[in-house]
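S.K.: According to Swiss-Prot, the protein has these features:
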TOPO_DOM  1-36  topological domain 'Cytoplasmic'
REGION    1-26  region 'Disordered'
TRANSMEM  37-57  transmembrane segment
TOPO_DOM  58-85  topological domain 'Extracellular'
TRANSMEM  86-106  transmembrane segment
TOPO_DOM  107-129  topological domain 'Cytoplasmic'
TRANSMEM  130-150  transmembrane segment
TOPO_DOM  151-171  topological domain 'Extracellular'
TRANSMEM  172-192  transmembrane segment
TOPO_DOM  193-200  topological domain 'Cytoplasmic'
Amino acid sequence: MASTENPDPETGKSEPIPASATTPPPSAASFLDCRKIDVIIRVLLFSATLTALIVMVTSDQTEKTQLPGVSSPAPVSAEFNDSPAFIFFVVALVVTSFYALMSTLVSISLLLKPEFTARVSVYLASLDMVMLGILASATGTAGGVAYIALKGNKEVGWNKICNVYDKFCRYIATSLALSLFATLLLLVLSICSALSKRTP
């Protein structure tokens, strides 16, 4: 076994080699692990936003309801494009889903070409925060309208509709839950980016 001590030419005694001199340089394994985790989170983000988008645009439901001035019930459809808040929500899901796909491909490419990581990571971190703001605001806005659809508002004469359009409301609730999960993933990505910048 190789000795970790150097003999002193004056005293003839061995002196211990500093620990820093025997410690191997940090490997790239930890860096690759971080990039792999980043890719996994972005894949989850894409899956969540795409699923939320599909569920939202397929939430249409038609039921026969009694309309004022009409003697017999008439078929009335409930669609996401009936509400500007839901339209904004769908647009936000489209944008975020597309961004998640593109950023996943970029993150995978950084595994193959790590020399571009520092510069590209700055752009990804900034865009992550932008997407976080867009998706969070859209989710909150759509959630407010969904709550009125569920509970109604007697003070302003807004009736609840979820007792009639149950499938429509279930789909919206599922889409909102997936969007909230995607928002949390974007928050995790933003926090990880901030912590990685502070790490020496």
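Placed from the backbone N, Cα and C atoms, the Cβ positions cover glycine too.
These figures come from a predicted structure and were not determined experimentally.
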S.K.: Taking every residue in the topological domain 'Cytoplasmic' (107-129), what is their average pLDDT?
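M.R.: Across the residues of the topological domain 'Cytoplasmic' (107-129) the model's pLDDT averages 81 on the 0 to 100 scale.
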S.K.: Using Cβ atoms and a strict cutoff of less than 8 Å, what residues sit near the transmembrane segment (86-106) while being 6 or more residues removed from its termini?
M.R.: 39, 42-43, 45-46, 49-50, 52-53, 56-57, 80, 120, 124, 127-128, 131, 134-135, 137-139, 141-142, 145, 172, 175, 179, 182, 186
S.K.: Which residue counts does DSSP give the topological domain 'Extracellular' (151-171) for helix, strand and coil?
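M.R.: Across the topological domain 'Extracellular' (151-171), the residues distribute as 7 helix, 2 strand, 12 coil.
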S.K.: By Cβ distance under 8 Å, which residues at least 6 away from the ends of the topological domain 'Extracellular' (151-171) in the same chain are close to it?
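M.R.: Residues 55-56, 58-61, 63, 65, 78 contact the topological domain 'Extracellular' (151-171) from elsewhere in the chain.
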